[in-house]
Ligand SMILES: Nc1ccn([C@@H]2O[C@H](COP(=O)(O)OP(=O)(O)OP(=O)(O)O)[C@@H](O)[C@H]2O)c(=O)n1
Ligand SMILES: C[C@](O)(CO)[C@H](O)COP(=O)(O)O
C-alpha cells in the first residue's frame, strides 16, 4: 500500500467560535483542542508524517510549540496556512511533496477543529483505502428533518433520503487532490471539503460510516460538547 500522510488544517481564525484565542488552541479538558486531534493519529504505524498547517504568526513566533506541548514524531515542520481552508489544505499538500511525499501516496485531511475522532473510525477509514480507488471519507447519514430557511422561516423541507453529513478525515491520492484543489481555485469555486473538489473532477469517493460524536468545534458551545464526549470516553476506559 502507498504511504499515508496526514494534513491537519489548523490555520483558521475561529471567527464563529468568538474567542480571543484561535479555537484550535483553546484548552479542552487538560490540553489544547489540537493536541486531542493529533492524539488520534499518533502511534499509527501506517502514517508516514503529519503536516500541520497553522496561522502564520504562530509559526513566526514559535508559539505553537508551547501551545501543543511535547509532541512525538511524526510531526513535520508546520507550514503557514492560507485565506481559506482549501488554501491551507493545498499548502499542506505542497509541503508534503517538498518533503518526500509522491503524488500516488494517500493523504488524509482532518480538521484540527475535530478533536473527538475515534481511533476505530480512523482505522476503518484506513482499511477502506484498499478498496477505495476514488478516495473515501468518514460520514454519517442525516438523521434530522432538514428545512430550507428563508427570512427566518421554513420555506420547505429538503428530502434527506440519501443525504450524509461529511466529516473528516477525508482520504485521497495526494496528487489528484492537489490538482482538484488547484482546479477549484482556478475556477473560483468555493469548496468546503476535499471530496467536493474531487467530485467536481468526476470522482465518487466512498462514504465510510463514522460516529456522529466526531464533532467540529465551530461555536463556543461545541467546546462543552467535545469535553462531555471525551469525558464519557475516558469513563468508558
Ligand atoms: N483559512 C483556513 C480556515 C480554516 N482552517 C481550518 O479548517 C478547519 C475547519 O474550518 P472551520 O471550522 O471553519 O475553522 P475556522 O475557519 O477557524 O472557523 P471560522 O469559519 O468560524 O472562522 C479548522 O481546523 C481550521 O483551523 C484552515 O486551516 N485555514
Ligand atoms: C471539512 C468539513 O469539516 C466537512 O464537514 C467542513 O466542510 C468544514 O467546514 P468549515 O466551514 O470550513 O468549518
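Cβ from N, Cα, C; glycine included.
Taken verbatim from Swiss-Prot:
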| type | residues | note |
| --- | --- | --- |
| SITE | 16 | site 'Transition state stabilizer' |
| SITE | 23 | site 'Transition state stabilizer' |
| SITE | 160 | site 'Positions MEP for the nucleophilic attack' |
| SITE | 216 | site 'Positions MEP for the nucleophilic attack' |
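On the structure: features taken from Swiss-Prot.
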| residue | record | DSSP (3 states) |
| --- | --- | --- |
| 16 | site 'Transition state stabilizer' | coil |
| 23 | site 'Transition state stabilizer' | helix |
| 160 | site 'Positions MEP for the nucleophilic attack' | coil |
| 216 | site 'Positions MEP for the nucleophilic attack' | coil |
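The shortest Cα-Cα distance from residue 16 (site 'Transition state stabilizer') to any of the recorded sites (23, 160, 216) is found for 23. Within 10 Å of its Cβ, the residue among the recorded sites 160, 216 with the fewest other Cβ atoms is 160. Taking only the Cα positions, the spacing between residue 216 (site 'Positions MEP for the nucleophilic attack') and residue 23 (site 'Transition state stabilizer') is 11 angstrom. Proximity of the recorded sites 16, 160, 216 to ligand 2, judged by a Cβ distance under 6 angstroms to any of its atoms, singles out 216 in sequence order.
If you take the Cα of residue 160 (site 'Positions MEP for the nucleophilic attack') and the Cα of residue 23 (site 'Transition state stabilizer'), they are about 31 angstrom apart, rounded to a whole number. By neighbour count, meaning other C-beta atoms within 10 Å, the densest spot among the recorded sites 16, 23 is 23.
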